[in-house]
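The following features are taken from Swiss-Prot:
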BINDING   15-22, 62-66, 121-124  GTP binding site
LIPID     CYS205  S-palmitoyl cysteine
LIPID     CYS206  S-palmitoyl cysteine
LIPID     CYS209  S-geranylgeranyl cysteine
MOD_RES   CYS209  cysteine methyl ester
MOTIF     37-45  motif 'Effector region'
Amino acid sequence: MASKFLREYKLVVVGGGGVGKSCLTIQLIQSHFVDEYDPTIEDSYRKQCVIDDEVALLDVLDTAGQEEYSAMREQYMRTGEGFLLVYSITSRQSFEEIMTFQQQILRVKDKDYFPIIVVGNKCDLDKERVVSEQEGESLARQFGCKFIETSAKSRINVENAFYDLVREIRRYNKEMSNPSGSGAFGARAPDSKMDVSEPGESAGCCGKCIVM
């Protein structure tokens, strides 16, 4: 029986230009793939889901990846509760930019750890891959966060990425509300790798969604 309490989660999708942030977001919200590349300045989407028997209202902010919009980043970083750090497995530069985004988030939040998931997108383009899965796992391990590879085009692990970020936020909030428990959050890294499901599947997901 799902809880009737509606909790809103402010999720922010961050990454360089052209890595597929909008495609991931629209695939989650509207269940279709956008072929054309139209650089985003800032778009916000809302969707109601049930994740692990708890109702969640996802407020997803799709952000600009272009450098000329970098001044806007700190504003949405202040309000975000969790971040998907997205790079393309076909772009070494986009992978290297992830470190900068992560450091900026921690600086703005003034935290040593904050709910983040590293996302290697476009895993359907394996023949064009220039960033190995092991490199993504290693970076996530360095951050003390989870790692997942996705494909917006093939709908691989799209829901998993967003749902697991909600789970990380819940875990983080629980840890912060109980500081006398197991110690400082982030002392142990979560499992850094999640299984990549087949197209159309939602491995590990316990949820259903309603577009708002």
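Cβ coordinates come from backbone N, Cα and C, glycine included.
Neighbour counts were taken as the number of other C-beta atoms within 10 angstroms of each residue's C-beta; across the binding-site residues GLY15, GLY18, the minimum falls on GLY18. Following the DSSP three-state reduction, the secondary structure of LYS21 (GTP binding site) is helix.
Taking all protein chains in view, 23 other C-beta atoms sit within 10 angstroms of the C-beta of CYS123 (GTP binding site). Within the model, the motif 'Effector region' (37-45) shows a mean pLDDT value of 62, rounded to a whole number.
Of all Cβ atoms in the shown protein chains, 27 besides its own fall within 10 Å of the Cβ of THR63 (GTP binding site).
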